[in-house]
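**Student:** Here it is, the structure, as structure tokens.
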Amino acid sequence: MENMQAVNSFVAAYLKKKGFKEAEQLLEDIQSKDSAPVDFHNDPELAKFIHRFSQSEDDVARYQDGYSKLRSWAYGSLDLYKHELLRVLYPVFIHSFMDMVAKGHLQEARTFFKAFREDHELMHSRDLQKLEGVLSQSHLEEMEFSRSLRQSKVNIKICQYSYDLLLQYLHKTQSIAMLGVINEHINFQVFSGQPSSISDDAEVVTLIGSCQDAANQLNQKEIHWGLLEDSLEERLEKAGGLLSDSEKTEEENKEGDVDETKKRSIEGGKQGASTKESKKEKALNATTKNARLEASTTSAAPRVKPKLPLPLMSTEVEQSILEDLRNCVQLSSVALPSVSFYTFLNTHNGLNCSSISHDGSLVAGGFSDSSLKVWDMAKLGQQGGSSNLQVENDSSSSEQVLGPNGGKRSYTLFEGHSAPVYSATFSLLGDFILSSSVDTTIRLWSTKLNANLVCYKGHNYPVWDVQFSPVGHYFASASHDRTARIWSMDRIQPLRIMAGHLSDVDCVQWHANCNYIATGSSDKTVRLWDVQSGECVRIFIGHRSMILSLAMSPDGRYMASGDEDGMIMTWDLSSGRCITPLMGHTSCVWTLGFSCEGSLLASGSADCTIKLWDVTTSTKVPRNEEK
């Protein structure tokens, strides 16, 4: 009887809360006439369920009790299914915490958070640091990360038997609070067969804004990842310029090797030594030849038509680029590149980004004082400067760049932004620079006139990255407003807006054929977009923290992405799958770049190291060895 009265009071309170006045009045009339609680269908189980649900609405301690029991049950499960069941704990934990905050039980929520956060520190420390800042209901609504979590379901991969075990436990224990959290915030991807591997845990709690089936269907779209038809690389390949030069060099080396070997054997009589040396040289030549063959296979990429009208290039520029391509050195793990370093001095932690022109003649830096500064490498070390350069001479406050010979050179100052500059990029010929800023604008500068030409306004929030396309004229931007945009130099409004990420778009990169752009986001995903339609054609899932850097291979087949935890992942664009993770950095990977023939990948990190990776090995062998 007492139980039935509690059920009636809860139903009345629920009707009042939802504004069903007529139903509430009707229930009161029935109760006053019968002077006895209404028996709902004469079903004691239903009454018991409603009574338990009413308690779970009011009793916040049920979250802590329910989660604690679910945690104990998951850790006590059979090893075969344990790692799948443990995946459920993290989303249940964070949503239970946010539910408690939303209901106003702030102190209990903090106690709950501190009691169980240690379980998830290893995989989700960055997210926990963000959630730790949720101290009120208003924080829950205002914080972008928590709002994204509340609005999207988490996808969890689980086998059928593990799924059945979980449902059986929830119904058996009648854990209504946990069942409610799981039903509202988790989307299970149930499959038949054996449990998935532990390595799949990296995909847990990745926000993609849709169910996994939709993401899988999206990744089935056809990608034309090849190079552009009639490109300069293709013309050079048809002309045989690069191959003939290489063959000549190889033949000359062979003739020289034979002559040297003969001289050594005649003069010194040290046949054994000369034989060993000749073997080494043959081995090196063979390795170099293999590297050259591997590099030449990248030119076998399929040819595709451009989706954007491409700008015309003058004959002089074409000849200059072709000459550079002919003179390119074929790099590999046995033919590493030479390195030239420049150091910015006295920046006072104000340098946010830097960029080098394609010919290496100019270096640009974006600063927190809203300035963009450019150094001319040809005049590095010379005293004074060219009369047509705008130069600051206040050595006490100005930044200077130190070259290999120890000389110093003042910079050309570009002023126009009203907030910190976070990205700068040179055009193909180095005659233009694009910069993006927290002031929500993108500015186009002329290095010939040393002046600002255009201010592009379209984003409503800070613009974190901007990148010129490989052919110039077009550029892409990435912003805090969760969109990426495609622009052309001759228009002040964007041509396309790419919307789909659930958090900041932190970096953007063009595909080699200019038909696609890739975007990396704080939602831990990388997306590939078609520039013609503006549609997302790939979602790459696997990172455990925000994406900070992207790079495209020269043949357009592969992509590399670096995140805040120091992980680098290489992807096959056609399949959308991760080829191999490159592990070695211990902090943020801020920049990535492929060598011109695509055999090496360079990465720069906040751990104060630059690493070179043998990409040809990593794309063939599952395990990658750091080079």
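Backbone N, Cα and C atoms are what each Cβ position is placed from, and that goes for glycine too.
Not measured: the values here are computed from a predicted model.
Found this in TrEMBL, in case it helps:
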- 58-186: domain 'TFIID subunit TAF5 NTD2' (DOMAIN)
- 240-301: region 'Disordered' (REGION)
- 255-267: compositional bias 'Basic and acidic residues' (COMPBIAS)
- 285-300: compositional bias 'Polar residues' (COMPBIAS)
- 344-377: repeat 'WD' (REPEAT)
- 385-404: region 'Disordered' (REGION)
- 385-400: compositional bias 'Polar residues' (COMPBIAS)
- 414-446: repeat 'WD' (REPEAT)
- 456-497: repeat 'WD' (REPEAT)
- 498-539: repeat 'WD' (REPEAT)
- 540-581: repeat 'WD' (REPEAT)
- 582-623: repeat 'WD' (REPEAT)
**Student:** State the mean pLDDT for the domain 'TFIID subunit TAF5 NTD2' (58-186).
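**Tutor:** Per the prediction, mean pLDDT sits at 85 for the domain 'TFIID subunit TAF5 NTD2' (58-186).
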**Student:** Sequence-remote contacts (6 or more beyond its ends) of the repeat 'WD' (456-497), Cβ cut-off under 8 Å?
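**Tutor:** Residues 308, 310-311, 313, 419, 422-429, 432, 434-444, 503-510, 512, 514, 517, 519-521, 529, 531, 534.
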**Student:** In the same chain, who gets a Cβ under 8 Å from the repeat 'WD' (414-446) while lying at least 6 residues past its ends?
**Tutor:** 317, 352-359, 361-362, 364-374, 452-468, 470-472, 475, 477, 479, 487, 489
**Student:** Work out, from DSSP, the number of helix, strand and coil residues along the repeat 'WD' (540-581).
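**Tutor:** Each residue of the repeat 'WD' (540-581) counted once, the result is 0 helix, 24 strand, 18 coil.
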